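Peer 1: Shown below is the structure under consideration.
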Amino acid sequence: MSISRSLKIVATLYRYGLDDFLEGHSRLAFLHKLFGLCPVRRDTSAPLPQRVRLALESLGPIFVKFGQVLSTRRDLLPPEYADELALLQDRVPPFDGDIARQVVERSLGRKVEELFVDFDLKPVASASVAQVHKAWLRQPDGGRGREVAVKVLRPGILPVIEQDLSLMRTLAGWVEKLFADGKRLKPREVVAEFDKYLHDELDMMHEAANASQLRRNFKGSDMLIVPEVFYDYSSREVLTLEWMHGIPVGQIERLREAGVDLQKLSRFGVEIFFTQVFRHGFFHADMHPGNIFVAADGRYIALDFGIVGSLTDTDKHYLAVNFLAFFNRDYHRVATAHIESGWVPRDTRAEELEAAVRTVCEPIFEKPLSEISFGMVLLRLFETSRRFNVEIQPQLVLLQKTLLNIEGLGRQLDPELDLWDTAKPFLTKWMNEQIGWRGLLRTLKHEAPQWATTLPTLPRKLNEALGSAKTDLLVEGYIQLMREQKRQNFLLLLIAILLAALLAKSLL
């Protein structure tokens with residue numbers, strides 16, 4: 001741990017009066033006095049949430065990124081802090097283009113002139129982890145090939161990140177041990193989540209894989225374009241993508257002048273979101289306006305694939321159940337769905353959770369449906385969840401953040417956008433497919449290889465369970481065996497029914 005970096009953090013906390021958090025804490029009274037020895041001018045004129053944001057900005061890009069991640073954890077933070085941290089911007093001066101050139105050559109093992117016809121040393125975009133340069137691939141005959149964006153990892157960033165993460169882990173441990181609310185805030189868990197997020201961003205091949213997956217999911221789509229990845233020109237430090245031409249989605253007047261149908265575009269955004277979540281179970285989780293452009297043909301263009309989310313079939317099912325129940329005001333079903341999914345502890349009383357959900361949702365539903373925010377519904381529920389010791393899953397936090405971005409974007413394009421009217425047919429159709437014959441056939445097809453493997457092993461499993469010397473293992477093994485036997489019998493019965501139906505049809 002760097003002493004100079006630690007001292008800078010202490011001085012910054014004191015400058016913005018954040019040592020006030022220590023006030024009244026008997027075990028930390030000596031620290032509060034030590035802060036007073038800092039030879040730094042103290043400014044406490046701004047509200048405390050704003051001072052937290054300013055302190056993070058002063059501590060540099062890694063702390064800014066941490067604040068951005070923290071702003072999504074509305075299940076942990078009071079609203080005024082989450083709102084203030086959401087204002088943080090990842091603004092970092094670019095590093096020298098010649099250094100970027102050296103990184104490319106070292107990482108790809110070839111001279112830039114051998115890889116590209118032109119490589120613009122002036123970056124078109126810069127952030128804390130990487131910056132982007134424009135280039136053209138060199139064809140075998142030496143001619144100019146495809147226009148590309150070359151994303152280059154900032155050199156020397158890893159030691160800086162590891163140093164700051166080490167300090168964050170130490171601070172998180174202190175908060176958890178010394179503050180009454182420390183365990184509920186789960187600071188070490190939040191830092192661990194941030195650690196994973198940062199290290200994913202440091203590996204350009206991780207982003208390349210995300211882009212490829214999303215591109216495959218939307219192949220031939222009339223709503224979304226995802227740039228092609230050039231793997232022969234990519235590595236852990238360099239990512240080369242197809243250059244995309246378009247208008248930034250936030251430039252509404254330019255879109256109008258280009259003849260883009262803004263109402264259609266806003267609906268596309270909602271449909272793209274729900275398609276990613278419920279069809280693919282894999283979604284772009286950083287869809288703020290800076291990462292979205294609009295092509296000449298009116299399709300969205302997605303950029304920056306460092307942050308994605310994924311959902312299991314169970315997550316998708318309960319999300320759909322919750323959305324449909326919310327907008328039908330079936331709060332009891334919302335409560336039971338939360339308990340069934342494991343999002344709240346099993347011993348939670350459904351009636352108490354139902355009452356809490358009703359308290360959150362009824363004021364929201366007094367508004368016209370076109371003004372209701374899906375994201376705000378989830379946000380309010382996250383805030384309510386603190387009363388019920390809810391374990392908010394990271395993928396659901398990403399989902400809520402993405403949904404807020406999509407809603408904000410959609411209503412910026414079309415203030416009259418009725419999100420529920422756009423989403424309900426999609427959700428209803430998806431649910432019908434899951435519980436109807438199509439869903440059954442899809443499940444049978446998916447599970448068939450597992451049945452073929454599992455059924456022959458049942459006698460051996462029974463013998464192993466009966467031969468166990470420990471009673472608890474015997475009982476557990478027997479229960480598990482009976483459950484599996486019932487499941488297999490039920491599925492075999494369904495197969496028999498389907499085969500009989502097909503046979504009867506062929507005989508008619």
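Our numbering is plain: 1 for the first residue shown, then up by one each step along the chain.
Cβ coordinates are placed from backbone N, Cα and C, and glycine is handled just like the others.
The active site, proton acceptor annotation in Swiss-Prot covers D286. If you look up Swiss-Prot, you'll see V124, A125, S126, A127, S128, V129, A130, Q131, V132, K151 marked as ATP binding site, on the strength of sequence analysis. The domain 'Protein kinase' annotation in Swiss-Prot covers 118-494 and rests on sequence analysis. As annotated by Swiss-Prot, transmembrane segment applies to 488-508, with the evidence given as sequence analysis.
Context for these features, please: burial, neighbours, distances.
Peer 2: In the three-state DSSP scheme, D286 (active site, proton acceptor) is classed as coil. Sequence-distant neighbours of D286 (active site, proton acceptor) (same chain, six or more apart, CB under 8 Å from its CB) are D304, G306, I307, T402, listed in sequence order.
For S126 (ATP binding site), other Cβ atoms within 10 Å of its Cβ number 16.
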Peer 1: How big is the ATP site in terms of the longest C-alpha to C-alpha distance among V124, A125, S126, A127, S128, V129, A130, Q131, V132, K151, in angstrom?
Peer 2: 15
Peer 1: Have a look around S128 (ATP binding site) and count the other CB atoms within 10 A of its CB, chains all included.
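Peer 2: Cβ-Cβ neighbours of S128 (ATP binding site) within 10 Å number 19.
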Peer 1: Within 10 angstroms of the C-beta of A130 (ATP binding site), what count of other C-beta atoms is obtained when all protein chains are considered?
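Peer 2: So the number of other Cβ atoms within 10 Å of A130 (ATP binding site) is 27.
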Peer 1: Among the binding-site residues listed here (V124, V132), identify the one with the smallest other-Cβ count within 10 Å.
Peer 2: V124
